[in-house]
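The following features are taken from Swiss-Prot:
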type	residues	note
BINDING	HIS36, GLU186	Zn(2+) binding site
DISULFID	CYS69-CYS177	disulfide bond
DISULFID	CYS194-CYS202	disulfide bond
MOD_RES	GLN18	pyrrolidone carboxylic acid
SIGNAL	1-17	signal peptide
Amino acid sequence: MNSVVLQLSVVCLGVSSQQITDSQRLFSIAVNRVTHLYLLAQRLFSDFESSLQTEEQRQLNKIFLQDFCNSDYIISPIDKHETQRSSVLKLLSISYGLVESWEFPSRSLSGGSSLRNQISPRLSELKTGILLLIRANQDEAENYPDTDTLQHAPYGNYYQSLGGNESLRQTYELLACFKKDMHKVETYLTVAKCRLSPEANCTL
């Protein structure tokens, strides 16, 4: 009887280890993808800023600090401490919402260069990967909204009348918000991935 129990325990441990390994692999792919998007966003934003006059940069930065990104309507951890306390499923769901919120506005960032044309397809790949991770972690005992029910406010602030520098401001804000959101997703996925290694130090 004891040998049967031992064999079953070994089998269960093997299945559990395999699930963790699969999740780690999916997390590694997702983190690599969002890191690429974040670096891409940094480069595009830097290139755009370099094309502006000093006064234009100052004015646009001042306006942006007073404005909001679409992601500000998505409830997410307010600081690194809350991020570390959040569950894996919660971090994945928020990341999914952030990525999904860029499906439409990312079209405004496409075109004009090979770098910009990478954005939409890479966002789609990242969204698919995060959805797979959410499904793999759905057995977690937490009542968190399904990804299909996540609601996002319209990207209205980018399509309002912005005055004479409308095009400049819209591009500046889109690139700045895209960079900000990809950094958020990178942070959340990195912390969630770290949780799979109990001995790891997940301090931000």
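From the backbone N, Cα and C atoms, a Cβ is placed for every residue, glycine too.
Cβ crowding, taken as the number of other Cβ atoms within 10 Å, peaks at CYS177 among the disulfide-bonded residues CYS69, CYS177, CYS202.
For HIS36 (Zn(2+) binding site), the spatially nearest entry among the disulfide-bonded residues CYS69, CYS177, CYS194, CYS202 is CYS177, judged by CA separation. On the backbone, the CA of GLU186 (Zn(2+) binding site) and the CA of CYS194 (disulfide bond) stand 12 Å apart. For the pair CYS177 (disulfide bond) and CYS202 (disulfide bond), the C-alpha distance works out to 26 angstrom.
Distance noted between the C-alpha atoms of CYS194 (disulfide bond) and CYS69 (disulfide bond) is 28 Å. A distance of 27 Å separates the Cα atom of CYS202 (disulfide bond) from that of CYS69 (disulfide bond).
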